[in-house]
Ligand code: 5AD
Ligand code: SF4
């Protein structure tokens, strides 16, 4: 693994300065997961570094960049639809540069399709190419030719990329990239490549900077944070990293995602128990409640092992809450398999579920499996899942009423004059308060609940 440091590209800045009468504007839109959102923040940082301004509307832009997601087919179709809709804009404004990057750009068949059928797309580069963006724009401006890069994995980590964060009090902090797990349904290992961990000193430096800048919530990101540390010179695992970061003084809390259950160690749970700055919430995607399907998914744990882990966490961390991802309708999932999923979610009692109907991804192992279940059957199962989960969550949320808790005030509530805040356990509460509290911690008494949102009032 090679670690390189991003450096300002003054040649690109100069060239862009000469190419436009006034500073050009860039519109960057990110789809998908938090990792992608954070990549989008760094793309914006790199663009600003070479002289671009940022804008919120594609019509105002000189450069439009879609930072894409490939995890489900629906996401891909949306991107192709949105790219298609730009054709007219390009005709009106021939100098407009249209680009596509992120996970979709790491699939050869997508690049091929863009090359053949979307002649007005000028720029394509993959997830590892953010630092090369200044050179790619230069190439486009100097040679007036399309710059469409074929997918390639780079065994490098680029540190020091400039960043334009979307929030002033909540920050994403990647600790590792890629995934080695090859769950059979998942495209991520193919598009994001092998796992690579950032060096602890680099993570610590970015973390310190965030705390010093006043960030209150720092969410550590990785496809599987629990395997952090593989391949590093230092002997360090994810729990060690958490302990290291918690030694930074300041007023903040830490979240992290995603934890693969097979790698979530007792040591990690003990660390959550011991460190008051780590939120008492674990996103622990189970995907399915049937051992037969879990095996076909290559998840490498059983329902029993998963439940043991949940039990251990509940015993060690009083009040801990859980959330999960569930895939409905994996190839060959029977009614019985699905009922086992319903049973499991009832046993665990998740605060939140992120639910997905299985989406076939070309190139993955599951794409080769027979999938006889009709679509209608899958959507029916999804409805039953959501209904079951709603009832579970409403009960859990109601049980919180009466407590007084610290929340981070994140935004506006749905009723006028209210703000919304997030509890340590990831639930949301709405309460009447002055917007000066945005981005601050507040003590809130939980007085009631509307569906899965708590209602409260400022305390003290
Ligand atoms: N189909 C449906 N859901 C998927 N996920 C990943 N790949 C697929 C797929 N092919 C879901 C998993 C994962 C989440 C990020 O997306 O539940 O945990
Ligand atoms: Fe995909 Fe599995 Fe890796 Fe998550 S752990 S990114 S689901 S392969």
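Using N, Cα and C of the backbone, Cβ positions are placed for all residues, glycine too.
Curation plays no part in TrEMBL annotations; they are all automatic predictions.
Predicted, not measured: the structure shown is a model, and the values here were computed from it.
According to TrEMBL, the protein has these features:
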BINDING   33, 69, 103  [4Fe-4S] cluster 1 binding site
BINDING   179, 183, 186  [4Fe-4S] cluster 2 binding site
DOMAIN    24-142  domain 'MTTase N-terminal'
DOMAIN    165-395  domain 'Radical SAM core'
DOMAIN    398-460  domain 'TRAM'
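Distribution of TrEMBL features across the structure.
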residue	record	DSSP class
33	[4Fe-4S] cluster 1 binding site	coil
69	[4Fe-4S] cluster 1 binding site	coil
103	[4Fe-4S] cluster 1 binding site	helix
179	[4Fe-4S] cluster 2 binding site	coil
186	[4Fe-4S] cluster 2 binding site	coil
Within the same chain, the residues at least 6 apart in sequence whose Cβ is under 8 angstroms from that of residue 103 ([4Fe-4S] cluster 1 binding site) are 32, 36, 68, 69, 70, 71, 127, 187, 188, 191, 192
Among the binding-site residues 69, 103, 183, the ones with a Cβ under 6 Å from any atom of ligand 1 are none
Separation of alpha carbons, residue 33 ([4Fe-4S] cluster 1 binding site) and residue 186 ([4Fe-4S] cluster 2 binding site) (Å) = 14
Residue 179 ([4Fe-4S] cluster 2 binding site) sits from residue 33 ([4Fe-4S] cluster 1 binding site) (Cα to Cα, rounded, in Å) at a distance of 14
From 33, 179, 186, which binding-site residues have a C-beta atom under 6 Å away from some atom of ligand 2?
-> 179, 186
Using DSSP, what's the helix, strand and coil tally for the domain 'MTTase N-terminal' (24-142)?
-> 67 helix, 23 strand, 29 coil
Chain-internal residues near residue 179 ([4Fe-4S] cluster 2 binding site), provided their CB is under 8 angstroms and they sit 6+ positions away | 186, 188, 189, 192, 195, 223, 224
Compute the centroid of the Cβ atoms of 179, 183, 186, then list the same-chain residues not in that set whose Cβ lies within 8 Å of it, in sequence order, for the [4Fe-4S] cluster 2 site.
-> 181, 182, 185, 187, 188, 189, 223
In DSSP terms, the domain 'TRAM' (398-460) comprises 4 helix, 36 strand, 23 coil
Compute the centroid of the Cβ atoms of 33, 69, 103, then list the same-chain residues not in that set whose Cβ lies within 8 Å of it, in sequence order, for the [4Fe-4S] cluster 1 site.
-> 31, 32, 35, 36, 68, 70, 71, 75, 102, 188
Cβ-Cβ distance under 8 Å, sequence separation of 6 or more, same chain as residue 183 ([4Fe-4S] cluster 2 binding site); the residues meeting this, in order, are 287, 297, 298, 299
Local confidence of the domain 'TRAM' (398-460) - pLDDT mean | 96
